[in-house]
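According to TrEMBL, the protein has these features:
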type: TRANSMEM; residues: 30-53; note: transmembrane segment
type: TRANSMEM; residues: 59-80; note: transmembrane segment
type: TRANSMEM; residues: 92-112; note: transmembrane segment
type: TRANSMEM; residues: 132-150; note: transmembrane segment
type: TRANSMEM; residues: 157-175; note: transmembrane segment
type: TRANSMEM; residues: 181-199; note: transmembrane segment
type: TRANSMEM; residues: 206-223; note: transmembrane segment
type: TRANSMEM; residues: 302-332; note: transmembrane segment
type: TRANSMEM; residues: 344-365; note: transmembrane segment
type: TRANSMEM; residues: 377-396; note: transmembrane segment
type: REGION; residues: 409-430; note: region 'Disordered'
């Protein structure tokens, strides 16, 4: 009887292990990082949305909505993990065209939230087209870089990238400078990895920097004129000025020991500083934040400050390390990829998540002016949450079909089919 019992237990263990492998396919460390960020998000958003919960008829409504977005995102990850990467370039092209159309429609049919018209309502669903455009641009750039030497020269690919991404960034720039800068930076880094000439990249960075300085200067010289063309330009200029003034006042406090006065201009940043100062080494524990009731966007733009207040410097460091570990793991996956498109795609997705996370953290600790960028997968926000999950899904798909992490046969099959497709394309051209 004993051997039979042992056999049943062994069979159950094998069945459970097989089920786990079937569900969590791809790179396991990426899955662990994803699940940890989702778990932390549920805890911190539930704590940070106390003001929203107070205003709602049901205190569970804000967190229930966020949990729904995470659930949708989780199923997106599961679906993408099972989808071979050879289908992504076609989907990226369609998404790029759709994103440009939606971005062009924002000034006319956009919905204003928090004094910014960045949302569109379509079929009863409200979302940010800029988030869709970021994803489409990453796939678009990865595809073009992978075809250098096959269908395009390096120069041709560069101009196609600048043309497509330039249109997207120009449309985003009308109402969201930080997202346009973030997308432009990620695409420039992808071009650097894709061996685009450093001279071309350097010239482009210089042009973009001069353009940005000119726009901010124009906002100071002729605010009324620029407001008609770029309604948000004055806001960006004021945020930069306030940040520089706040940094200067911090230095004065250190020198003169004068108390800082909280005004409307520095309200958010000041309460974020208080939250961080209250956190100490180990924090006040989850649910015991005080500054969440003062910060208007404690559950979004400044959730990192709430994390430090509740979990302390230790908790904040752990969150930072999770994103750094994600970037390191993405680099490992990229090195093991069989195809260039897979390599550039996984690098682009990883950079988009991590650079946005570092931007959010820098704002919370007053190293940067307020940008409005959420903390990926942790901040509350439907479009951002679901699209961040899509990035994770793409990374996991590449880790499975491109790098062979946990599924060597799938990776080999993907490489063979892609090689056959390239051969057919070459024959058609010749």
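One is the number of the first residue shown, and numbering goes on along the chain from there.
Cβ from N, Cα, C; glycine included.
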Range from 59-80, 92-112, 157-175 with most C-beta pairs under 8 A to the transmembrane segment (377-396): 59-80
Dominant neighbour of the transmembrane segment (132-150) in 92-112, 157-175, 181-199, 206-223, by Cβ pairs under 8 Å: 92-112
Selected stretch (most C-beta pairs under 8 A with the transmembrane segment (302-332)) from 30-53, 92-112, 157-175, 181-199: 30-53
Maximum Cβ pairs under 8 Å to the transmembrane segment (181-199) - stretch from the list 30-53, 92-112, 344-365: 344-365
